[in-house]
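Quick notes on the structure that follows.
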Amino acid sequence: IRSSLLHFRYNVCIMAYGQTGSGKTHTMIGSQSEDPTAAVQDSHQGIIPKAANELFKLISEKPADSHMVEMSVVEVYNNEVLDLLARDEGGATVGVKREVITTSTGTTTAVKVMQLINSVLKLRSHCPTLVHMDSSRSHFIVTLTVTSKSPDALALGRVSQKEWWSPRCRRAASSRSSSLASSPCHSPCPSPRPSITQPPLKTKLQLVDLAGSECVGMSGVTGAVLWESSCINRSLSALSDVLGALAERRPHVPYRNSKLTHLLQDTIGGDAKLLIMLCVSPTQRFLTESLQSLGFGARARQVQREPPRRKNTALKMK
Ligand SMILES: Nc1ncnc2c1ncn2[C@@H]1O[C@H](COP(=O)(O)OP(=O)(O)OP(=O)(O)O)[C@@H](O)[C@H]1O
C-alpha cells in the first residue's frame, strides 16, 4: 500500500474477490469492532483501515497543507449506485457534507475515516442465504481522492490554504489545466501563476469489498434475493470481461457494461495499480467456486499496466 501511494502519482485500486462467505469483508474491513480506534490500531485490522492509516501518515510527512483528501462511500446494489454518506442512520437521504480534519500524525484522521465508514456499513444491503447468514448483497466502494497542491504554489507560498482549496480556485485550476490555458486568471483568485504552470494533482485510491459470486442452487435464494444474486453475478462477469479486454489489449474495454466497472474505470485501467485479494473457502464443498475465483485471479494477473503516462506534473485533472 505504502509503495503504491508514496508519490501520489498513480490511481490505485485494492479489491477483495471471492465467493459468498469466503472472507472478503473480513479482509477489507477487519474485525468489525464498535470502537473505530481499535479498527485502525488492531493487529487484525482490514485493508481499508490500514490503507487509511498509511495514506494519512504519508500526508503528514509532506509539507503542511499540501494535500487535501475527499472521500466517498457508495454501494452498487442491483446495478444502481447509492451514496451511503448521504444517508442518516435510518437510511433516509440527508445529503450533508461531512468534514474530517487532518491532524499532524494522520492517525486521528484515519480513526475518523473509519468512524464514518463504520457508521454507514450497517446501511449496506445484507440478507441471509444458505451459504452465509450475513451475506452482503452489494459492492462496497470507498474512494479517497487526494489533491496535491503543486510544488510551485507551495514553494512560493503565495496562496493560503483556505484560498487554494476554495471551489473557485480549484475550478479555475481545473479549467486551465484541461484547456492548456495560458490566459491569466481574471477572477479574484489570489495567485493564478503557480497553477498555470502546475495545476493541482489528483489521484484516486479505491478500496472495494465486492459482493460474493454465488451459485444460486447452493445459496437457495428466491424472489428479490435471486434478482440481487443475478445482478451481482452479472456485474462480476462484467468486471472479468474488462480485465480480459485489458489483458488482451483490446482497443475497446467494456467499462460501461456495468455500474461497477464504470465506477472503477480510473483505477483498474490505464497506468493505474490494481491489487486483487482472492478469498477462497477452505472446504471441499466449495471447490468449484474456489476454482472459479482462482480463474478470475489468473485472468487479472495477465493484465499488464500501461507504461506510465504521468511524468512529474503531467497528471490528468478530472
Ligand atoms: N480470516 C478470518 N478469520 C476469522 N474469521 C473470518 C476470517 N475470514 C472470514 N471470517 C468470518 O467468516 C464469516 C464470513 O466472512 P465475510 O463476511 O468476510 O464473508 P464475505 O466474503 O464478505 O461474504 P459475502 O460476500 O456473502 O458478504 C464472518 O463471520 C467472518 O468474521
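From the backbone N, Cα and C atoms, a Cβ is placed for every residue, glycine too.
Whatever TrEMBL says is automated annotation, not expert-curated.
As annotated by TrEMBL, domain 'Kinesin motor' applies to 1-303.
Cβ neighbour count for Gly18 (ATP binding site) (all protein chains, 10 Å cutoff from its Cβ): 26. The ATP binding site feature in TrEMBL is assigned to Gly18, Gln19, Thr20, Gly21, Ser22, Gly23, Lys24, Thr25.
The compositional bias 'Low complexity' annotation in TrEMBL covers 177-186.
Marked as region 'Disordered' by TrEMBL: 177-198 (among others).
The annotation region 'Disordered' is assigned in TrEMBL to 298-318 (among others).
Mean pLDDT of the predicted structure over the domain 'Kinesin motor' (1-303): 77.
Look at Lys24 (ATP binding site): DSSP puts it in a helix.
Its Cβ taken as reference, Gly23 (ATP binding site) is surrounded by 16 other Cβ atoms within 10 Å in the chains shown.
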